[in-house]
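The block underneath contains the structure these notes are about, expressed in structure tokens.
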Amino acid sequence: MSRKKTPKSKAGSAPATSALPAANGPRPVRPGTARPGPEAPPNGPPQPGRSSVGGGGDFYDVAFKVMLVGDSGVGKTCLLVRFKDGAFLAGTFISTVGIDFRNKVVDVDGMKVKLQIWDTAGQERFRSVTHAYYRDAHALLLLYDVTNKASFDSIQAWLTEIQEHAQDDVVLMLLGNKVDSAQERAVKREDAEKLAKDYGLPFMETSAKTGLNVDLAFTAIAKELKQRHTKAPSEPRFQLHDYIKREGRGASCCRP
């Protein structure tokens, strides 16, 4: 298989619409198959005020688009920087404006998998920008802040948006971030596990500050996408739920 070279990063925006939750309760969201194919091309120029950092000269076999979504302040940018650079953005909170992305190539069972990870703004005024990027996303990491009950209460609204704008077979995972702030916890783990079970989502708690389960979340997504892309008859089917339950610290498998 010939390998491609990672291009420089770009980002952009386009408008779309929103939707309200269904009155008859949650519709299960099945962790599914990402549509195989080449990486999604950027939709426009970089947003002003933030730099887009690419993968430089890294080579890869296949690329997938992954989006980080959730309310503003839940730690999406910090989670991305922890995974990409192994660092923590301490200090003053700076909210993402519009959308930005970074690339990272990971080795999955001998295959070079490039994850093009899009960091989205959580504020309502940027929501239409986010909608435009759902349609060609292969996977979504939906975050809430365990110290912020309102961010958890917004999860069902985010799931409705995902159902409206994303592919039916998008891979979806729920992450409770900032678990390092145990004394400030406002969302019980049991409540998040119940929500994840209702929607059939894999779930784990993470910390961008300590790195808890951060690599695991992205690695699990990469393994799922790679396995669905190759579809080798002799290769056992990758079980996303079982993998994070086995490998994670404090992770759980939540099936309906």
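Start at 1 and count along the chain as shown; that gives each residue its number.
Keep in mind that glycine also has a Cβ here, set from the backbone N, Cα and C atoms.
Copied from Swiss-Prot, the annotated features are:
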- 1-53: region 'Disordered' (REGION)
- 38-48: compositional bias 'Pro residues' (COMPBIAS)
- 72-78, 95-96, Gly122, 177-178, Asp180, 208-209: GTP binding site (BINDING)
- Thr77, Thr96, Asp119: Mg(2+) binding site (BINDING)
- Cys253: S-geranylgeranyl cysteine (LIPID)
- Cys254: S-geranylgeranyl cysteine (LIPID)
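Distribution of Swiss-Prot features across the structure.
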{"residue": "Ser72", "record": "GTP binding site", "DSSP class": "coil"}
{"residue": "Thr77", "record": "Mg(2+) binding site", "DSSP class": "helix"}
{"residue": "Asp119", "record": "Mg(2+) binding site", "DSSP class": "strand"}
{"residue": "Asn177", "record": "GTP binding site", "DSSP class": "strand"}
{"residue": "Lys209", "record": "GTP binding site", "DSSP class": "coil"}
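Put plainly, the binding-site residues Asp119, Asp180 were compared by Cβ crowding within 10 Å, and the winner is Asp119.
It is 7 Å from the Cα atom of Lys76 (GTP binding site) to that of Asp119 (Mg(2+) binding site). Here the Cβ of Val74 (GTP binding site) has 27 other Cβ atoms within 10 Å, regardless of which shown protein chain they belong to. Cα of Asp119 (Mg(2+) binding site) to Cα of Asp180 (GTP binding site): a span of 21 Å. All protein chains included, Lys76 (GTP binding site) registers 27 other Cβ atoms within 10 Å of its own Cβ. Around the Cβ of Cys78 (GTP binding site), a 10 Å sphere holds 21 further Cβ atoms from the protein chains shown.
On a Cα basis, Thr77 (Mg(2+) binding site) lies 12 Å away from Lys209 (GTP binding site). Fewest Cβ neighbours within 10 Å among the binding-site residues Ser72, Thr77, Asn177: that distinction goes to Ser72. Reported as a whole number, the C-alpha separation between Thr77 (Mg(2+) binding site) and Asp180 (GTP binding site) equals 16 Å.
Residue density at Lys209 (GTP binding site): 18 other Cβ atoms are found within 10 A of its Cβ, drawing on all protein chains shown.
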